[in-house]
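Listed in TrEMBL:
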- 291-327: domain 'EGF-like' (DOMAIN)
- 592-631: domain 'EGF-like' (DOMAIN)
- 900-937: domain 'EGF-like' (DOMAIN)
- 65-107: repeat 'LDL-receptor class B' (REPEAT)
- 151-194: repeat 'LDL-receptor class B' (REPEAT)
- 372-414: repeat 'LDL-receptor class B' (REPEAT)
- 415-457: repeat 'LDL-receptor class B' (REPEAT)
- 458-501: repeat 'LDL-receptor class B' (REPEAT)
- 681-723: repeat 'LDL-receptor class B' (REPEAT)
- 724-766: repeat 'LDL-receptor class B' (REPEAT)
- 767-810: repeat 'LDL-receptor class B' (REPEAT)
- 811-852: repeat 'LDL-receptor class B' (REPEAT)
- 985-1027: repeat 'LDL-receptor class B' (REPEAT)
- 1028-1070: repeat 'LDL-receptor class B' (REPEAT)
- 1071-1114: repeat 'LDL-receptor class B' (REPEAT)
């Protein structure tokens, strides 16, 4: 019975209160959109976390300096450091309305209530090893409080039968404290010192309390009724005071915990105060005994405190096998947008969502207990993914060249991943991390669906529901393929192997049956033939068969031998897909692949006896004659193509077309042009967004940017594998340039009369380069490879000439035009023009290999092939490839021609470039060839130097192209002024972001800082090359200063009557210093080089006098 005392005095037991030493207490409270702190006696109010959605419950861990909160809009539990940094998700799935939260600071556990799922759960502080602790006789659990020293958990429930209960923190010994005179029991707090609990009831407008250790009669004292409590929500206690939040008054209030008197408002006009706690070490006393000790109580998973001891507990989905260890066994199923598991350790077979990110359309599933991974396919993102069973370590395993991966199987003995793809009509295999991927079966597949493997027998089985539905099997190395079932099938969906009885089970969604047969297809029997609207996924475990059904939206099971004893495990589940039982008892045996990888250099695949295993190579690499070793590098014949965000290769040495991504560890934004060096096997590509030309080996190693300045839109690129050069077109700068393969000795070859140069092709042996121009007057041109002897070959009936290729054997030019929708050919002089293929939709890249030409097409999103001489026999090589750009074919086996510049670089000091029948020496952009016709200076004789804040460039006045060349000066942020010293050949410059003056050699090398302090905005700089001094203006400090060129002997020359000094110039032979000032009264002044005899020269008709220079010859 509940005894209520009306007199406050009767409730005042003789409890001594202590003022605890230590820091001042802080009230920490949730405010829906933020979490704030307030000092109760000073009303100081600070923000801890903001931009929250709907923060309700909160608690803290003083020792670890963490704050935890629940968000009932996001349905997440979050945590952060107590300084507001390091915000992270702790629990992100399976929550509906997490309204209460409590931290066990001794055993480092997180407890929470969820009134939506009607559960109390527990997990580690990082959200791992989550367990449903209490779920029966639970309606709307709200507030929760812990007493870790006693091993107790207390909570309120405001369902139809409101109550306050407690249990041990392992969920045992559950008891009701109060279940009458309650309506909306909201907040709950424990006063550890006085061994009491306090709670608020929002409907009765009261705060009540009870002793924690009352067992027989329950004394509850109503402390203070209206008017002070319109709608109390949460409560906390510290020393002699209670503090609570109130929804109605939007305030935090306090009162004496013994008398209820001394009520005061701590803070009002709050947004929406929710949970509240006193942030102080004494609210989490450190003296409590950790029952689990230093070794987690010897438990394999969760160690939960109980009354005087502890209990080893298993996370949801695990079953305890011994006193201290857990066996994970759960039913895993995909539901398009999430992956769930059904536990077998709770009576109501709860399903919970595995916390995974960005699942769009999960279909196939499998698992590997040895690495504790689950794997799934996603047919929207066209990817295969994996994560640990608890959702951690999520990663994409395969995400290229997939179209509809609907079946998935793990070989748990050799750690291989097998999958079917109904879009590409292939079966593929890789290591479980996605490496060494190869195509196993590519012929006679028509919508392959599910796949299962039997690593013990070395066989794999798959369903195919194309025009001729069937179930097939083959060795796991694709050997001995055979059809085992081909009659009475329509939509064969799920497959499952019963290893104990050596049977194969399958579901047919059209015939609406589950059947089984022997591994060879004999002994076929219908197991279940009724009440199966649309079975999809299928799995077996022990003596049961489990399946998902799309139409009944349920997961069901039956006896695997009789089909009887049908049970429904879960219902009302939309979009059910694959299903598997996760457990630890898959059979393990020694396989031939276990020892030295079966002797294989790459993939060791299981096979049926007597062979037992065979070796295989990743896609595009050939197996050598020893049947063990894969060739080094890639195939001899292959295509390389750009797809904006990646570069891919297709081997032409194997009997199917499969594209493999160049595994370079750098992001690509807009890769357009492609070139290949057949000698070193390096791929070169241009990226018009990053404005770079880069290269890497075919295996993705040794990535480097070779050109990273002065590019705009590099549409065409060609590698001269013989002459060891790279040529490119730039439709933004309208230039054609050449450089060594490492990007050095770069030279502009053609810069006049270019409108939009696109494709470029080289004929080293003839000394010619060809290019297309799709500007206003589209044309196809040729010149020598040094840019001379330029001639227009074709300039009529062209629209958008994109691709260009040279058929050296047939002495013809081929080009693709996306406007005329043709692929055409002519001889090497542009005559005898003829159409090969018409119409083509939107051809872009074009290349030749052997008797074939290959091209990319933007419209069809495909790579096509046809005969290069006739245009006949067109086939699609690969389709469904959006973003296709350039393509190059490589024949590394073909002997390269003679390098005209091979002997001593043609006698040239810098560039040796082929011409028709001869070679010519050339110099990098802006530098003239010396009179010997062979050698170059390192720099131009006369040139302009200028800065554009983040770069320093030069324009040679020796040559006619006037191309700006970047001087490779490092660490430029905001370069304003510069000058040079002709004696030591150094460049001096100011950087107003770094506030420094620096100098470098004129070639950009040997950078050093000469002035690093006391600068604000150095807008002007001048070098006195005679007296070896430098002068500068500082418009931030309004000074003109001087120093030696090494920065020593610094002195302020002028610091009065300067408003905004800008440009500065020196006349050493006359001893004069000139400067401009664009302040309030703009002027140009002069002084001697020591700052004396200052004189205003001009102070009228000036606005912003910026630039200033001296003509020493005419003395102007």
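Glycine residues also receive a Cβ, built from the backbone N, Cα and C atoms like all the rest.
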Original post:
Mean pLDDT over the domain 'EGF-like' (291-327): what is the value?
Top reply: 83
**OP:** Please check if the repeat 'LDL-receptor class B' (151-194) comes into contact with the repeat 'LDL-receptor class B' (372-414), where contact means 3 or more CB pairs closer than 8 Å and the residues in each pair are separated by 6 or more positions.
**Re:** no
Original post:
Using DSSP, how many residues of the repeat 'LDL-receptor class B' (1028-1070) fall into helix, strand and coil, respectively?
Top reply: 0 helix, 23 strand, 20 coil
Original post:
Excluding the flanking five residues on each side, which residues at least 6 beyond the ends of the repeat 'LDL-receptor class B' (1071-1114) place their CB within less than 8 Å of a CB in that stretch?
Top reply: 1020, 1022, 1024, 1027, 1029, 1031, 1033, 1040, 1042, 1053-1054, 1058-1065
Original post:
Quick one: DSSP breakdown of the repeat 'LDL-receptor class B' (811-852) into helix, strand and coil?
Top reply: 0 helix, 24 strand, 18 coil
Subject >> the repeat 'LDL-receptor class B' (458-501) touching the repeat 'LDL-receptor class B' (724-766) per 3+ Cβ pairs under 8 Å rule >> reply: no
Original post:
Are there residues at least 6 beyond the ends of the domain 'EGF-like' (900-937) whose Cβ is under 8 Å from a Cβ of it, and what are they?
Top reply: 723, 725, 737-738, 740, 745-748, 764, 766-768, 784-786, 788-789, 943, 954-956, 958-959, 961, 963, 965
Subject >> For the repeat 'LDL-receptor class B' (681-723), residues assigned helix / strand / coil by DSSP >> reply: 0 helix, 21 strand, 22 coil
